[in-house]
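**Student:** Have a look at the structure that comes next, please.
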Amino acid sequence: MKWQYQQATDAVSQNRKNLNDFEALVKANSRDMDTAWIVLCGALVFFMQAGFAMLEAGIVHPKNVTNILFKNMIDASIAAIAFWLLGYGFAFGSDSGGFIGKCGSACYFGLKDVYNGAGDGMGSSDGWEKWFFQWAFAGAAATIVAGAVCERTKLEAYFIYSVFLSTFMYPVIVHWVWGYGWLSAWGAYPDSNGVARPIFNKDTRSNGLIDFAGSGVVHMVGGFCGLVGAIIAGARRGRFGPDGSVNTLFDGNNTLQALGVFILWFGWYGFNCGSTLMISGGAANVAGKVAVNMTISAASAAITATFLAKALQGHYNISMGLNGVLAGLVGITANCAVVDPWMAFLIGFVAALILYGGHYLLLALRIDDPCDASVVHGFCGMWGIWATGIFCTDKNVQYAGYPNANEACGSGEQFGVQVVGSLVIAAWTIGMSVMLFLFIDKTIGIRVSAEVEEAGLDISEHGVAPSYEQQPQVPSRLCPRVWTFLQVH
């Protein structure tokens with residue numbers, strides 16, 4: 001009898017050990033799946049650099065193509081080193097007053113706390129993939145500006161800007177929203193006991209700012225920084241005539257533009273779906289929903305922009321249609337996990353209207369943004385933040401995995417949080433950008449000489465001789481009906 005009891009006890013112990021081993025294996029497999037998911041999505045986000053490069057190469061004059069390709073290459077490289085040494089630590093380090101990350105329980109400057117075995121054995125990753133994913137986002141934010149200030153800025157000025165944005169300006173916003181900063185929905189501004197204090201109520205009745213994949217964090221930062229750069233750099237020579245006319249300096253290469261936009265659209269699935277930051281534990285369902293919503297928003301904006309062009313310009317304008325795709329993607333990026341498909345359709349529709357209105361607003365103000373980067377990313381990024389507060393539902397917020405169960409969307413509080421967050425992001429970005437670009441302009445100068453601009457940046461900066469004839473400057477025929485209205489009024 002005693003022997004049988006011992007056998008039973010041994011069997012229970014063995015079963016318990018087998019169960020523990022199985023649970024550890026499942027946990028390890030889930031960790032490996034999540035890590036692979038983040039690496040894959042990070043690679044898709046990085047591939048968006050090729051999309052930006054092709055899109056911008058299709059917009060600028062052929063005498064500046066090498067220059068814009070070089071800028072896309074160099075800002076991704078600068079972002080990698082700057083974000084490794086300092087930016088990642090400022091973004092995701094231990095909180096300092098809700099403003100910026102520092103060394104504390106976690107120190108990520110130079111990836112100090114990311115090393116072999118940094119995770120807790122079988123269940124947690126060491127953190128390598130997290131830096132990789134976030135660097136890809138930092139590189140995307142930096143490259144947006146290239147399109148707004150292209151064809152007339154010095155490379156040295158661009159180097160300085162890329163370092164500053166990747167090291168400090170962008171990581172501060174990341175800390176506010178995605179780290180432990182005062183706007184965060186993921187553990188905002190923790191008190192001495194580590195309890196989060198999201199605005200407005202500073203408890204679980206509030207969510208903090210919902211920006212799932214970066215309409216504000218990435219696109220508003222890049223877009224508004226580009227807007228300031230375009231204003232301080234000034235318009236390209238010949239863009240605006242003395243009589244108020246707008247001259248088309250180059251008709252563009254529609255093939256490269258289309259290739260760039262389709263690459264961006266493809267990579268954007270990594271951008272938004274990958275922002276689940278995991279694929280196990282039901283996150284795959286959220287990623288699937290995100291993919292549907294962003295597809296509908298992009299398509300809605302593309303169709304709206306296309307038919308607006310037909311109505312206002314008298315013909316189908318592929319450039320506006322392509323920019324409509326991007327506007328819809330930017331608008332849905334903040335809210336892709338917390339809205340329903342019919343809402344995504346409306347978000348894309350409004351984004352296309354903002355694209356059109358912003359495009360002609362900049363022309364009326366004589367602001368020269370060759371790629372409409374500030375409109376697509378800045379204005380539509382702000383719309384994405386606001387649309388989150390307008391269309392989110394509390395049920396969808398919980399489905400997306402946000403930590404607090406409350407009625408912030410239903411009560412309207414979330415819209416207030418979104419407006420405050422967007423205005424602060426815009427104010428920080430514009431303020432920092434004004435100081436940055438004015439400093440550059442007053443020291444080394446932001447703009448190339450008139451002679452260099454006329455000859456093209458390819459030959460002056462890269463030694464690439466042009467092999468084409470200059471196109472004459474002609475009055476713009478992008479939208480004669482709208483432009484006639486602006487001139488009269």
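Backbone N, Cα and C define each Cβ position, glycine as well.
Per TrEMBL, the features are:
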type: DOMAIN; residues: 36-463; note: domain 'Ammonium transporter AmtB-like'
type: TRANSMEM; residues: 36-60; note: transmembrane segment
type: TRANSMEM; residues: 72-91; note: transmembrane segment
type: TRANSMEM; residues: 132-150; note: transmembrane segment
type: TRANSMEM; residues: 157-178; note: transmembrane segment
type: TRANSMEM; residues: 212-233; note: transmembrane segment
type: TRANSMEM; residues: 254-271; note: transmembrane segment
type: TRANSMEM; residues: 291-312; note: transmembrane segment
type: TRANSMEM; residues: 324-356; note: transmembrane segment
type: TRANSMEM; residues: 420-440; note: transmembrane segment
**Student:** Quick check for me: are there 3+ Cβ pairs below 8 Å between the transmembrane segment (36-60) and the transmembrane segment (212-233), leaving out pairs under 6 residues apart?
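**Tutor:** Taking Cβ pairs at least 6 residues apart, the transmembrane segment (212-233) and the transmembrane segment (36-60) are not in contact, as fewer than 3 fall under 8 Å.
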**Student:** Quick test of the contact rule: Cβ under 8 Å, at least six residues beyond the ends. What residues does that give for the transmembrane segment (254-271)?
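**Tutor:** The answer is 40-48, 50-59, 137, 140, 213-214, 291, 294, 298, 318-319, 322-323, 325-326, 329, 333.
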**Student:** For the domain 'Ammonium transporter AmtB-like' (36-463), report the average pLDDT of the model, please.
**Tutor:** 95
**Student:** Which listed stretch (132-150, 157-178, 291-312) has the most C-beta pairs under 8 A with the transmembrane segment (420-440)?
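**Tutor:** Between the candidates 132-150, 157-178, 291-312, the best contact partner of the transmembrane segment (420-440) is 157-178.
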**Student:** Quick one: find which recorded stretch in 72-91, 132-150, 157-178, 324-356 has the most Cβ pairs under 8 Å with the transmembrane segment (291-312).
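**Tutor:** Most Cβ pairs under 8 Å with the transmembrane segment (291-312) come from 324-356.
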**Student:** Using a Cβ cut-off of under 8 Å, list the residues of the same chain at least 6 residues beyond the transmembrane segment (72-91) that approach it.
**Tutor:** 46, 49, 52-53, 56, 100-103, 107-112, 131, 134-135, 138-139, 142-143, 146, 155, 158-159, 162-163, 166-168, 170-172, 174-175, 178-179
**Student:** I need to check the long-range neighbours of the transmembrane segment (157-178): which residues 6 or more away from its ends have a CB within less than 8 Å of a CB in the stretch?
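**Tutor:** For the transmembrane segment (157-178), the list is 71, 74-75, 78-79, 82-83, 85-93, 95, 98-101, 134, 138-139, 141-142, 145-146, 149, 184-186, 209, 211, 216-217, 221, 225, 229, 421, 424-425, 428-429, 432-433, 436-437, 440-441, 444-447.
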